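Inspection log for the structure reproduced underneath, given as structure tokens.
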Amino acid sequence: MIEGTKRAYNFNPGPAALPLEVLEQAQKEFVSYAGQGMSLLEMSHRSKTVERLNEETQELLLELLGIRAGYRVLFMGGGASMQFALVPTNLLAENKVGRYVLSGSFSEKALAEAKAVGAAEALASGKDSGWSRLPDLAGIAPKSDTAYVHITTNNTIEGSRFSTFPDLGTIPLVADMTSDILSRELDMKRFALIYAGAQKNLGPAGVTAVILRDDLLAQCSARSIPTIFNYAAYAQHRSLYNTPPVHAIYMMKLMLEWAKNQGGVTALEKRNAYKAALLYEVIDSSGGFYEGIVEKLFRSDMNVTWRMKDEEMEKRFVRESERNGFEGLAGHRSVGGLRASAYNAVTVEACKALADFMLDFEKRNG
Ligand SMILES: *Cc1c(COP(=O)(O)O)cnc(C)c1O
């Protein structure tokens, strides 16, 4: 611990908590990186040092995801939202349709952007339930003109997640994993393309990881699109086609090394399940004082959402939580309620403290 620095219990939805060890390492290396007499911020992206950093970070990400062969990593700017547009720009051929699983507001945004690029429509939707349930994808069979199926594996705003994924045969499955990448073990081979803005489970804002299967690249380069939007160009240049967000990539590398030291995804998943259970237990045993928004079967371990009696009570909860050292517990402005985002870097200690605070608040206000 840095002398005199008190860390908040940070439940921000994104940008989100980073491990203290990662921040301290970055601080140590900030002014002079790797004995070079200059900061990484001042270095050429064509230097050997940055080239190596770029390569090592890509390799480490594939290693942690367990897909070393047949996939590659691209580092891009523009956030996950830019991928809403770039997925159809690269993968949606003229006579084909992009089909979207709707499970929350980010998935709706992804579909809206695809419609601006070409033909796209919903394949299944959980909207009728107010996003408290996920659509059933078992046995789903998209038409043969489907360019790809897009799914949001974890719904950050609503607090739900998919646990099983459809087998689509040769149709590529594209996943927005921004809020759950590296948080749980998934059968990665199911996915043809995965993207994730870094600012939830991978590091700071500024870089987005796109992980795609090699065979998709042929499709990307077949289309006439600007180079700067083209996945194949990023792949060809190992993401050094133009200046990448070097410092954000460096922070991601520290974050990935940290994840590996924690025991990788297997260990992180176990800890994440334990952390979320601490909060869901308080919600479920409160006799309705706290009310979970999502049906139990679909609950997310990353984003725990709940409501209280009325907005007045919810506001009081947020106010008091802030006075007690908690950050980021107000629900998304579009849905209200409360949300605790407990990404990989959020400690068990922080979740225990929040569970205790919730019990105490209930005792005083229930
Ligand atoms: C946060 C988030 C986004 C938006 O990310 P930006 O990097 O801000 O564009 C998209 N999808 C999901 C699932 C998210 O959690």
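The count begins at 1 with the first shown residue.
Every residue gets a Cβ built from N, Cα and C, even glycine.
TrEMBL lists 9-353 with the feature domain 'Aminotransferase class V'.
According to DSSP, ARG46 (L-glutamate binding site) sits in a coil region rather than a helix or strand. What TrEMBL lists as L-glutamate binding site is ARG46.
THR156 (pyridoxal 5'-phosphate binding site) carries neither a helix nor a strand DSSP state and counts as coil. Residues or ranges marked as pyridoxal 5'-phosphate binding site in TrEMBL: ALA80, SER81, PHE106, THR156, ASP176, GLN199, ASN242, THR243.
Proximity of LYS200 (N6-(pyridoxal phosphate)lysine) to non-local residues of its own chain (separation of 6 or more, Cβ distance below 8 Å) is seen for PRO13, GLY14, PRO15, ALA16, THR156, THR178, SER179, ILE181, MET302, SER341, TYR343, given in sequence order. Under the heading N6-(pyridoxal phosphate)lysine, TrEMBL lists LYS200.
Counting only same-chain residues at least 6 apart in sequence, those with a Cβ under 8 Å from the Cβ of PHE106 (pyridoxal 5'-phosphate binding site) are ALA80, THR152, ASN155, THR156, ILE157, ASP176, THR178. Shown are the binding-site residues SER81, THR156, GLN199, ASN242; of these, the residue with the fewest other Cβ atoms within 10 Å is ASN242. Residue pair ASN242 (pyridoxal 5'-phosphate binding site) / ARG46 (L-glutamate binding site) shows a Cα separation of 10 Å. Site extent for pyridoxal 5'-phosphate: among the recorded binding residues ALA80, SER81, PHE106, THR156, ASP176, GLN199, ASN242, THR243, the largest C-alpha separation is 31 Å. A gap of 9 Å separates the Cα atoms of THR243 (pyridoxal 5'-phosphate binding site) and ARG46 (L-glutamate binding site). When each of the binding-site residues ALA80, ASP176 is scored by how many other Cβ atoms sit within 10 Å of its Cβ, ALA80 comes out lowest.
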